[in-house]
Amino acid sequence: MGRQAGTDFGVIIAVKNLATAKSRLAPSLPAPQRERLVLGMLTHAIAVAFSAAGTVAVISPDPTAKAAASEAGARFIFDDTPEGHPDPLNNALRSAAAQLRASSPNLVVLQADLPVVTATEFAAALAAARGHARSFVADRHGTGTAALFSTDGDLNPLFGIDSAQRHRDSGAIELTGDWPGLRCDVDTPEDLAVARELGAALPL
């Protein structure tokens, strides 16, 4: 599958403030290495998204993430979610979806921390998602969500603890393809080890 696979899809990638990103890796990685890791994974996710989708947007409050997104050719949306918001990630995703919906009839939320996701996997997931109004790919643990797809305009992101079950309960169809790279998000030292086993060249 080539770039034509999903040119009517808009991809949303959300990135936290880099100062607080990937805090669970702090015991094994100091802050400068965590920042390099986050930016490297973001750049990889953008490249994979562009391989199969027509529009890629990064939403973040962080100026360094903005620079990385712009350099990679992605649209940047400033995340103006107020401090103390009870659901900041999903609020940011809803904001980005509202801005992309006019130009992209189909939407995808792709996690920013997927260092071994491949263009082939992403294109296959997009193709599978076309058969459903709303669908998702669970992470390798089966509890989180690596990607959320909408082909009817109603994204309804429910990321957070047990997001896979929350998306199932909300009616989203679980896509069950053999996509180990797409399912391998990195939050913990164990995740880093698995990503390396799958061939990730991590920028540490």
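Including glycine, each Cβ sits where the backbone N, Cα and C put it.
Not measured: the values here are computed from a predicted model.
Around the Cβ of G160 (phosphoenolpyruvate binding site), 13 further Cβ atoms fall within 10 Å across all displayed protein chains. G160 (phosphoenolpyruvate binding site) falls outside any helix or strand according to DSSP and counts as coil. The phosphoenolpyruvate binding site annotation in Swiss-Prot covers T145, G160, S163 and rests on sequence analysis.
Sorting the binding-site residues T145, S163 by the number of other Cβ atoms within 10 Å puts T145 first.
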